[in-house]
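Input: a single structure, listed below in structure tokens.
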Amino acid sequence: MNIAHTIFGVFGNATALFLFLAPSITFKRIIKNKSTEQFSGIPYPMTLLNCLLSAWYGLPFVSKDNTLVSTINGTGAVIETVYVLIFLFYAPKKEKVKIFGIFSCVLAVFATVALVSLFALHGNGRKLFCGLAATVFSIIMYASPLSIMRLVIKTKSVEFMPFFLSLFVFLCGTSWFVYGLIGRDPFVAIPNGFGCALGTLQLILYFIYCGNKGEKSADAEKDEKSVEMKGDEKKQHVVNGKQDLQV
């Protein structure tokens with residue numbers, strides 16, 4: 001049982017690391033263009049909070065046999081902090097103030113959870129408090145692709161939902177779900193079971209719509225019709241001109 005627990009934990013570390021590194025392509029573009037453009041900075045401090053709370057929960061004095069939870073989420077916290085700092089550096093002033101405010105709140109929430117659990121709670125009370133906090137924000141993190149899934153259904157296109165990202169959401173959620181089941185830890189199993197289900201739905205949507213090019217927007221269709229009508233009018237003018245010359 002312990003061997004299986006470790007294997008799924010190591011596999012979960014690998015798949016989670018891929019998810020944490022996935023936004024690096026976006027940040028490469030931000031650094032190259034020296035602008036955050038229309039990218040949202042909100043997911044990064046929120047993911048940072050999830051990583052901090054999960055890493056804290058995995059520490060031996062909070063929950064037993066969850067060191068692998070701490071290692072990957074500690075790594076994720078470092079990566080997400082780098083993302084937040086890069087975003088703050090290149091964001092316009094208004095966006096910078098907003099993201100810095102969220103970042104400050106994230107640190108305040110984590111500090112509160114850590115201090116309360118460290119000095120006011122002990123044993124199962126500490127595990128329950130930290131586990132509930134980590135579970136809530138893990139579910140929020142996994143639920144973030146719901147808007148993308150809605151867009152896929154609306155446009156019938158998977159352009160904004162890459163296959164490998166969906167695949168690794170599924171693999172990551174499944175790995176940690178099984179890890180939590182083997183370790184009989186509901187605070188690991190429940191949020192990752194939710195992630196596993198969402199990853200499955202993403203893959204189903206991908207295979208349903210992967211052959212579609214997506215529906216064109218109404219504005220695009222109007223523009224195309226307008227261009228076609230103008231082209232037809234020009235052709236008609238040419239024909240009329242030739243007829244006049246012949247006359």
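The backbone N, Cα and C atoms fix where each Cβ goes, and this holds for glycine too.
Note that TrEMBL annotation is computational and uncurated.
The model shown is predicted, which means the values in this text are computed figures rather than measured ones.
What TrEMBL records for this protein:
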- 6-27: transmembrane segment (TRANSMEM)
- 39-59: transmembrane segment (TRANSMEM)
- 71-92: transmembrane segment (TRANSMEM)
- 99-120: transmembrane segment (TRANSMEM)
- 132-153: transmembrane segment (TRANSMEM)
- 160-182: transmembrane segment (TRANSMEM)
- 188-209: transmembrane segment (TRANSMEM)
- 221-247: region 'Disordered' (REGION)
- 221-236: compositional bias 'Basic and acidic residues' (COMPBIAS)
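Contact counts against the transmembrane segment (39-59), taken as Cβ pairs under 8 Å, peak for 71-92 among the stretches 6-27, 71-92, 99-120, 132-153. Here the transmembrane segment (99-120) has long-range neighbours at 41-42, 44-46, 48-49, 52-53, 56, 62, 84, 87-88, 91, 126, 129-130, 133, meaning same-chain residues at least 6 beyond its ends whose C-beta is under 8 angstroms from one of its own.
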